[in-house]
Structure formats: C-alpha cells, structure tokens
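S.K.: Sharing the feature lines straight out of Swiss-Prot:
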type: BINDING; residues: Gly40, Gln41, Asn42, Gly43, Ser44, Gly45, Lys46, Ser47; note: ATP binding site
type: DOMAIN; residues: 6-241; note: domain 'ABC transporter'
Amino acid sequence: MKKEKLRTENISFQYPGAATYALKDVSFSLFEGEWVSVIGQNGSGKSTLAKLLNGLFLPEAGTITVNDTMILSEETVWDVRKQIGMVFQNPDNQFVGTTVQDDVVFGLENIGMPREQMVERLNQALRLVRMEDFLNDEPHSLSGGQKQRVAIAGVLALQPSILILDEATSMLDPQGRREVVETVRQLVNEKGITVLSITHDLEEAAQSDRVIILNKGEILEEGIPEQIFKSSHMLQEIGLDVPFSVKIAELLKRNEILLQNTHLTMESLVNELWRLHSKK
C-alpha cells in the first residue's frame with residue numbers, strides 16, 4: 001500500500017469580512033508517487049487551498065497532516081514548508097539567479113549546504129527536468145516552458161516530499177504547457193514524486209492520476225479522470241469545460257459512431273477511430 005504523504009481533514013477557512021467560507025469541510029489524501037489535480041472555476045477555493053497547504057494561512061477548523069506525523073500549525077509551519085515545494089504561475093517572477101545554475105542552487109545556498117553536495121543536487125535536479133544542457137544559460141534566453149522546468153528543478157533540489165503546482169502552466173503557450181506536463185508525468189512515473197496540481201486547465205488535469213473538483217469551497221466530486229470527464233453536463237453546470245477530445249467524442253456518439261472508451265487525449269481518440277475504420 002502506498003504511503004500517505006498529505007492529509008486534510010475537514011479543513012475550513014473564511015477570509016476576514018467575507019460572508020461565506022472560502023473552504024468548507026474539505027478532506028482528501030495524497031499518496032506517494034501520485035499526481036492529483038484540483039480543478040474548479042474562479043472562486044471555487046483552489047487558490048485558498050494552495051495558501052493553506054503552504055502555511056500562508058492556517059485553517060480555522062480541521063487539520064493538515066504531512067508525512068503522517070507533522071500537523072500544520074504556527075509552531076510547525078517552517079518544517080512543513082521544507083516538505084512542500086511550490087511552483088507558481090509566472091516563471092519570470094520566480095527567477096532569482098543570473099543563470100540557470102545560480103537559480104537552482106539559490107535555495108541550497110540559503111540553508112548552508114556544502115558545495116560538493118550542492119553541485120550533486122544541482123546536476124541531479126536539472127537531469128530530472130531535462131535541462132542539464134542549459135546550466136549556464138541566462139533566464140531571458142529560455143522559453144516559458146523551459147523557465148518553469150528550471151523552477152521545478154529549483155524546488156526538487158531541496159528534495160521536498162510533495163511538489164505543488166499552483167496554476168504553473170496558466171501563462172504558458174501550448175508548447176510550454178506540453179513540456180511541463182510531460183516533465184511532471186515523467187517525475188511521477190519514473191521517480192515516484194508526489195504532485196498536487198492546482199489548475200483551471202482541464203487538458204492538464206486529464207493527464208493526472210486523480211481529479212478533485214472544488215465548487216464554492218467544497219469538494220463536489222473526486223475520482224480518476226475517465227470518471228470525472230464522463231460527467232460533462234455536471235462540469236458545464238458549474239462553469240467548467242471538458243477536454244477537446246471529450247467534446248469531439250460526444251459529437252461522434254450523437255452521430256451514432258459508438259466509441260468504447262472515454263478519450264482524454266486526441267491521440268487516444270484518433271487511435272480508436274482508426275481501429276473502427278480498419279474493421280470496415
């Protein structure tokens with residue numbers, strides 16, 4: 001059985017002066033080597049959840065437990081932050097070094113890591129995100145996707161238990177988004193890294209292992225992507241779209257082209273259409 005890395009139990013939070021709760025009675029677990037996406041329209045509570053998990057705010061009720069032992073509180077917040085690494089949406093705002101290597105080792109220098117160990121962590125982190133050939137490049141010379149991969153490397157160098165992506169692909173072009181999503185999938189599959197992705201991009205969420213839908217501060221639904229995106233009517237009712245491949249598949253079914261599976265990518269959909277055509 002996989003080890004539980006993060007658990008929220010009945011957490012609630014209300015901003016001062018607000019009439020309603022931003023989060024209400026939210027409970028879920030995150031397991032080792034799992035990629036979970038949290039989706040929801042604006043105002044659903046996604047950003048508030050990210051702030052709570054990183055200890056920027058503390059829940060008014062309920063608990064957040066990391067690695068099955070550490071409960072988030074004012075006393076433990078700095079220890080929790082060592083276990084949870086965050087990558088934010090604007091890659092340009094995350095660079096603090098003049099080169100890729102300067103940026104990745106910045107956090108390591110701050111904790112006084114010996115140089116030999118720091119170089120080892122630097123090279124390992126850049127290899128994980130396939131940016132080892134850009135060691136001495138300046139940030140302005142990189143694409144958006146490359147910048148986010150360097151930001152991920154900077155977090156991985158600190159070896160947190162959990163990687164949280166807070167709208168990390170929202171400001172990227174399609175190619176940049178693909179680069180980041182492919183990197184995340186590789187980190188999960190090959191290295192067993194645990195990822196929580198807070199996103200409005202349903203194409204990205206469709207690639208994860210599990211999806212949590214937040215609506216008005218509460219968990220509306222939770223399940224594997226195939227299960228979640230079957231309920232396209234429910235998603236549209238709360239202001240969310242569905243992946244393009246799901247839309248196309250639904251149109252085909254209305255035209256009596258019966259498909260066996262829920263297709264979360266165009267590649268998967270095209271492959272089944274090709275098989276159907278080959279049988280004729």
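Cβ atoms are placed via backbone N, Cα and C, with glycine included.
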S.K.: So of Gln41, Asn42, Ser44, Ser47, which of the binding-site residues has the fewest other Cβ atoms within 10 Å around its own Cβ?
M.R.: Asn42
S.K.: So which of the binding-site residues is most packed in, judged by how many other Cβ atoms lie within 10 Å of its Cβ, out of Gly40, Gly43, Gly45?
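M.R.: Sorting the candidates by Cβ neighbours within 10 Å, the top entry is Gly40.
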S.K.: I need the neighbours of the ATP site defined by Gly40, Gln41, Asn42, Gly43, Ser44, Gly45, Lys46, Ser47. Which other residues of that chain put their C-beta within 8 angstroms of the C-beta centroid, in sequence order?
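M.R.: Checked against the 8 Å cutoff, the neighbours are Leu214.
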S.K.: Identify, in sequence order, the residues in the chain of Lys46 (ATP binding site) that are 6 or more apart from it along the sequence and have a CB within less than 8 Å of its CB; answer 'none' if there are none.
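M.R.: When sequence neighbours closer than 6 are ignored, Lys46 (ATP binding site) has Val38, Ile39, Gly40, Ile198, His200, Leu214 within Cβ distance under 8 Å.
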